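The annotation transmembrane segment is assigned in TrEMBL to 241-263, 307-334, 340-361, 373-395, 407-434, 465-487, 499-525, 537-556, 576-601.
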Amino acid sequence: MTTSLGLPALRCAGRGLGVRILVLFLLPQIGWTVSYKSGDPVTLYVNKVGPYHNPQETYHYYTLPVCRPKEVRHKALSLGEVLDGDRMAESLYLIRFRENTERQVLCQLTLNEKEVEQLRDAVEELYYFEFVLDDIPIWGFVGYMEESGFLPHSHKVGLWTHLDFNIEYNGDSVIFANVSVKDVKPVPLEGGGGAASATGAGLAVTHTYSVRWFESPLPHARRAERLRDYSFFPKTLEIHWLSIINSLVLVVLLLGFVIIILMRVLKNDFARYNVEEEGGCDDLDQGDNGWKIIHTDVFRFPHYKSLLCAVLGVGAQFLTLATGIIVMALLGMFNVHRHGAINSAAIVLYALTSCVSGYCSCRFYTQIHGQHWVWNIILTSTLFSAPLFLTWSVVNSVHWWSGSTQALPATTVFLLLGAWVLVGFPLTVIGGIVGKNRAGNFQAPCRTRNIPRQIPPQPWYKHTAVHMAIGGFLPFSAISVELYYIFATVWGREHYTLYGILLCVFAILLSVGACISVALTYFLLSGEDYRWWWRSVLSTGSTGIFIFVYSVFYYYNRSSMSGLVQSAEFFGYSLLTALVFSLMLGTVSFCASLTFIRYIYRSLKMD
């Protein structure tokens with residue numbers, strides 16, 4: 001028996017799928033305000049556990065031998081929460097709004113030798129847990145470890161079997177919650193004592209909890225401030241004026257160099273080159289040297305033009321994406337209670353801004369007389385997505401092998417693939433077609449000869465490697481201080497909130513990259529070397545190399561991260577971060593160099 005699905009049913013199914021995808025993407029951006037009445041149950045979700053010093057190595061809380069319901073019911077999560085490693089499930093804790101509870105028994109467990117060893121290993125590796133109550137994360141350590149003395153050496157490992165929940169409220173809403181073990185003694189895992197007793201069948205443990213409610217003057221709209229002031233994780237982020245002053249001084253010096261020194265040199269060049277002499281332009285070419293003599297070669301299109309245009313297109317896309325993320329952050333869309341909101345926003349913006357990469361790449365490719373525009377679009381769409389997929393495959397495989405919650409489930413993988421196949425790639429194609437049709441002419445102020453001019457030997461300080469070292473180090477030095485705070489946020493326990501400063505540093509980074517590119521391009525042309533196309537991209541784009549070297553330094557000298565799981569994620573995504581910076585700064589430096597070259601050759605008097 002066969003059935004057919006009518007058009008109305010298809011529309012309903014499509015609307016249902018669209019609503020599901022919309023909820024998955026946008027749920028973390030919605031700031032729900034939950035109201036409670038006295039005595040109403042407040043659900044406490046258990047989330048994840050993991051080593052304190054490895055933020056990206058997390059496991060489901062119920063992988064430990066702890067109290068759990070007979071049937072584990074998971075909470076529906078948004079895409080951002082899944083990407084953030086959240087795996088929330090309902091707990092056995094019974095918490096009622098504004099009702100205090102003292103020494104309530106949660107459950108009684110009998111741990112076998114293997115389970116005791118598992119808990120002991122977790123405590124020794126400084127495992128912490130994360131619960132979530134009304135979108136408020138609650139952190140605490142699984143147990144307690146004490147090392148004392150050398151001879152005799154004492155090594156004590158204990159398990160926290162009692163938790164005190166301290167919850168603040170204002171009116172009918174929850175403001176803040178944390179957990180305390182200040183007045184509790186840990187249960188030794190080596191033997192019986194306290195709430196645990198050793199039996200022939202194993203170690204019997206009784207888990208208990210208390211709940212205490214406190215009134216808070218803070219309104220619900222400002223409860224994010226309360227969480228920012230909480231100090232379970234170390235607080236190191238402050239308004240770092242040293243970073244801003246250092247960057248601003250560097251920008252002022254570079255702008256002074258480019259505007260004052262370079263413009264004075266150009267003024268002398270224009271005065272010398274624009275002298276009216278008999279014999280026409282060819283005679284002038286024979287007597288002059290410097291950047292004017294290569295005016296018939298400077299706009300000669302480079303090799304690998306499709307790859308160059310793809311780099312510029314993807315770089316423009318990431319410039320748009322980064323600006324959008326910072327602006328959304330300034331508008332307050334990423335507060336500490338919206339789990340994974342920035343991850344969801346980044347994925348949505350990456351898919352939507354694919355049209356920018358296709359448009360910029362194919363438009364410029366058509367202007368420089370590219371013939372294979374279809375392959376250019378395919379190259380543009382895979383220039384970053386292919387390295388991203390390969391890196392993610394390796395990192396996700398390591399997480400899957402270790403059982404970490406950072407391993408994405410199959411449904412999330414298909415959702416992300418669908419977002420790229422159904423949104424990202426089609427928008428790249430549409431942008432490429434629009435860019436091809438609106439390309440126009442290249443607008444070169446000088447004609448290009450058929451036979452290229454021979455390039456004279458260049459001194460060592462004008463070689464590509466030297467320019468990459470100079471052009472990469474100066475932008476990196478402008479953001480080196482701020483980079484530490486960004487790494488401490490991404491790979492640490494901090495919540496970054498200084499988005500205004502981040503916007504200033506981002507603008508400084510782009511300004512420094514543009515200034516350095518203009519200066520290095522002028523020095524290159526002064527040596528009668530017209531191969532500036534790729535050189536302008538590589539000179540400032542090499543900042544990504546310095547950022548990756550800094551990430552290696554940060555891993556070994558500024559963090560306590562260790563292990564295969566954390567190392568694979570850190571170095572894999574650090575490589576992708578370096579690639580993103582290289583693409584962005586390479587695009588900015590190329591555009592600055594192209595604008596500068598068009599300006600100086602348009603100002604020449606040539607027959």
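Positions of Cβ are set from backbone N, Cα and C atoms, glycine also.
Of the Cβ pairs linking the transmembrane segment (407-434) with the transmembrane segment (340-361) and spaced 6 or more residues apart, 3 or more are under 8 Å, so the two regions touch. When Cβ distances are compared across the two stretches, the transmembrane segment (307-334) makes contact with the transmembrane segment (373-395), since 3 or more pairs at least 6 residues apart fall below 8 angstroms.
Highlighted: of the candidate stretches 373-395, 465-487, 499-525, 537-556, 537-556 has the greatest count of Cβ pairs under 8 Å to the transmembrane segment (576-601). Among the stretches 340-361, 373-395, 465-487, 537-556, the one making the largest number of Cβ pairs under 8 Å with the transmembrane segment (499-525) is 465-487. Cβ atoms under 8 Å from those of the transmembrane segment (340-361) belong to residues 25-26, 28-29, 78-84, 86, 309-310, 312-314, 316-317, 320-321, 324-325, 328-329, 333-334, 376-377, 380-381, 416, 419-420, 423-425, 427-435 of the same chain, restricted to positions at least 6 beyond its ends.
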